[in-house]
């Protein structure tokens, strides 16, 4: 990393990697996570009808990655709830977002300049969670490369991998929203990041951990800020993924072979003229009978 040394980024990367996340960055993580919960259809109604269910959903959004990772590593799924300060802070954010008079707190945090800062800070926390997951798995399974990747991936993906369970708490069942079937950018980036940090942890990648944390955090924060500012749900990986999937599997990502030759018909709820004419014809036949 001679280039980084020349640019005097070594000390910056080292200081950045040791910077604490609580309470400022964790607060931003909780705010953005619970704002996304409020975006979900029916979440406001659930908060009025059943505050306990709403609070549980909020805790899953904030701590779902820890719960799932602990289950995978054989620990208690409620182990993280021993950190009272984190639970109280997340609970305070949940209350302000859903119950603040005149929705003032919610309106402030979704104001675009403020939201962009919070989104960038959330990605700082996401990167640290991926690193912590890989590091934890490395100490438990020194040669379990796949386990390191999976745990880091779960830690970074947050509640996305538990979305169907969280939906059940809100009385919703939408299996087609399974994150594995249709991965969002943060979930894909968490997987790729877990692979990179696993390679670094096992000395397959000749980069210091502090430099990799800084580079990956900058990439994640920049990507999410740009996507949020443009209200985009695309992925910076889309072009590369399409090319690689076409090379390895014969079709772009998420597009079947039939879709190449037969584009899907528009799914309009309105009947076509031919269908209406056919229905009228059948009614006439029945009347004649």
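Please read every residue number as a count from 1 along the shown chain.
Every residue gets a Cβ built from N, Cα and C, even glycine.
These figures come from a predicted structure and were not determined experimentally.
Per TrEMBL, transmembrane segment is recorded for 20-39 (among others). Sequence-distant contacts of the transmembrane segment (20-39) (same chain, at least 6 residues past either end, Cβ-Cβ under 8 Å): 57-58, 61-62, 85-86, 89-90, 93-94, 97-98, 106, 109-110, 115, 117-119, 121-122, 124-126, 128, 158-159.
The annotation transmembrane segment is assigned in TrEMBL to 51-73 (among others). Long-range contacts of the transmembrane segment (51-73) within the same chain: residues 29-30, 33-34, 36-37, 43, 79-81, 86-87, 90-91, 93-94, 98, 129, 133, 136-137, 140, 150-151, 154-159, 161-162, 165-166, 169-171, each at least 6 residues beyond the stretch ends and with a Cβ under 8 Å from a Cβ of the stretch.
Taking Cβ pairs closer than 8 Å, the transmembrane segment (93-118) reaches residues 27-28, 30-32, 34-35, 38, 44, 47, 54-55, 58-59, 225, 228-229 in its own chain, all 6 or more past its ends. Residues annotated as transmembrane segment in TrEMBL: 93-118 (among others).
The transmembrane segment feature in TrEMBL is assigned to 130-154 (among others).
Taken from TrEMBL, the feature region 'Disordered' applies to 256-289.
The feature compositional bias 'Basic and acidic residues' is assigned by TrEMBL to 271-280.
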